[in-house]
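Each remark here refers to the structure printed beneath this line.
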Amino acid sequence: MPEPESQARPPEAAEPPSDRLPVPRPDRLPVPRSATPTVEERLPALPEERPAASASGQWSAPWSPAAPPTEPVTAFRPEPQSDPRPDPGYAPPFEAEFPPRHEPQHEPRQEPWHEQQYEQQYEQQYEQQYEQQYEQQYEQEPPRWVTEREEEPPPIPAYAHAYDEEPRRRRWPLVTLLVAILLIAGVVTGQLLRPVPEPDLVLALPASHTFAGTRPVLPWPVNGQSAVAVDGLGTMGTSGGTAPTPTASVAKVMTAYVFLHEHPLASGADGPVYAVSAQGVADLPGRRARGESLLGITAGQHLTERKALEALLLISANDVAHELARWDAGTEVDFVAKMNETARSLGMTSTTYTDPSGYDARTVSTAADQVKLLTAAMRVKAFTEIVANRMFVPDNGGAARPAGNLLLGRYGVVGGKTGYTDKAGGNYVFAARKRIGTVSVLIIGAVMAQRSPSAVGAINVGERLVAAAENALTAERVARSGDTVARVEDGLGGSTPVRAASSVTVVGWRGLTVPLHVLGDPPHAANAGEPIGTITAGPGRFALTPAQALTGPSLQHRLLRLR
């Protein structure tokens with residue numbers, strides 16, 4: 001029985017607007033695919049006609065509040081999940097069991113319908129139905145987060161690192177800066193620990209100086225051989241060919257040179273004392289018979305090294321020559337072998353020694369080879385001291401005897417050795433020192449195979465040669481004192497000019513080319529004007545000083561160097 005019009009609810013109070021509900025109404029929710037009801041569960045057919053509004057304009061329910069509906073309302077019951085699609089990870093939407101609004105309600109409505117009351121009832125029923133349905137589904141199939149939480153977590157996919165790109169981009173500048181700092185520190189440390197190159201002295205003048213004109217011609221002898229050279233400049237010329245000729249007593253220069261090499265003698269010292277051998281005393285009568293020059297050794301006699309060498313070189317004592325050979329090598333044969341070995345080391349390719357005195361005619365050489373030998377011997381201090389004596393004074397109180405070098409003290413002659421035999425003829429080697437400008441030069445000459453009754457003929461030839469050689473020498477200046485003649489290169493690109501401490505003079509003869517060299521190991525640091533090396537021009541030696549103080553390479557040069 002319909003309600004009176006006075007008690008009918010207005011539409012505004014009976015049905016709240018749908019846009020004001022917190023969630024959609026259950027009867028308007030979409031039906032899930034898997035929850036489609038069966039034919040038996042479908043709702044009863046809708047009435048053909050909706051109750052119309054009363055004449056007064058108020059809405060009235062289609063059934064009486066006291067009359068329950070004739071048929072029960074069947075709710076939608078979802079079928080078991082059979083959808084092959086993956087579980088979305090949350091519970092399926094709740095399907096409310098509310099009847100459509102056009103069906104009669106189970107409970108009569110005694111009070112007017114209010115919007116707040118409707119919302120409360122709706123929320124309570126919705127929550128209750130949702131919890132029941134969720135519990136049923138949980139019992140059938142637990143959610144994925146329950147079934148999978150005890151399993152091993154899957155590996156992190158490669159694309160997951162894409163989320164870390166931004167922090168990684170922010171770290172790149174720091175990593176780059178750190179690597180750059182380490183590289184710079186390593187380079188700086190390596191540059192500082194690397195050894196600094198040694199400074200080098202480099203010539204700033206031309207590498208050579210040539211004298212104008214043609215080579216001078218010396219007064220060479222008509223017979224025999226001769227040769228003249230200047231120590232440090234080379235040979236001035238030779239004559240008479242290169243055939244070996246007997247040396248006579250000139251061979252004693254090699255005997256003294258070998259003995260001093262094996263038994264060095266200090267300047268001014270007498271050296272060790274040697275006893276005369278019985279063999280030497282026994283050979284003495286035969287030597288006298290042949291007319292050899294002798295000291296006249298006796299049995300039990302003792303000689304110092306210096307006194308024995310003086311007797312050998314000043315008075316050409318053959319008996320002492322053989323004693324020196326035995327004192328050094330034990331036998332004459334072994335000593336002669338040393339003489340020949342030394343000759344080869346000096347480049348004396350045309351020389352052969354067979355005895356230590358030169359009396360044997362098979363001891364042969366050339367004037368050019370004897371110049372090489374005397375040049376080497378004059379560099380031995382003890383040798384030059386001995387050959388500079390004009391007299392031999394025996395240590396046994398005997399009479400003094402003059403030396404055989406008659407040119408000693410003339411034309412600057414400071415040493416030499418004479419020799420004569422019937423087969424060899426007159427032979428003479430000499431050394432003369434001459435000062436040309438500011439340079440002192442040593443002239444070495446040899447005269448061999450002169451046809452004369454003594455060595456005097458060879459000495460006369462030597463006198464003419466030494467005089468002509470000295471006259472042929474000249475000096476030319478290539479740099480004044482204070483001129484820059486070299487530079488010090490530190491090996492790092494730095495250079496310091498070096499000046500000559502005195503005038504640089506080159507000595508030579510016409511047509512000669514003299515090379516110039518710088519010698520010395522300059523230090524990393526030196527004061528201005530301090531000698532750091534020399535410049536050589538033949539026999540000339542000139543000191544070099546830096547124009548400014550030498551300092552070691554700066555820190556900048558050490559860091560930026562490439563060598």
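Cβ atoms are placed via backbone N, Cα and C, with glycine included.
The active site, acyl-ester intermediate feature in TrEMBL is assigned to SER249. Among the features that TrEMBL reports, active site, proton acceptor is placed at LYS252. The feature substrate binding site is assigned by TrEMBL to LYS417. Feature annotation from TrEMBL assigns compositional bias 'Basic and acidic residues' to 39-51, 98-117. Taken from TrEMBL, the feature compositional bias 'Low complexity' covers 52-64, 118-140. What TrEMBL lists as domain 'Peptidase S11 D-alanyl-D-alanine carboxypeptidase A N-terminal' is 244-444.
Helix, strand and coil content of the compositional bias 'Low complexity' (118-140), in residues and according to DSSP, is 23 helix, 0 strand, 0 coil. Annotation for SER249 (active site, acyl-ester intermediate): spatial neighbours SER293, SER316, ASN318, SER357, GLY358, TYR359, LYS417, THR418, GLY419, TYR420, ASN427, criterion Cβ-Cβ under 8 Å with sequence separation of six or more. Taking each of the recorded positions LYS252, LYS417 in turn and counting other Cβ atoms within 10 Å of its Cβ gives the largest count for LYS417.
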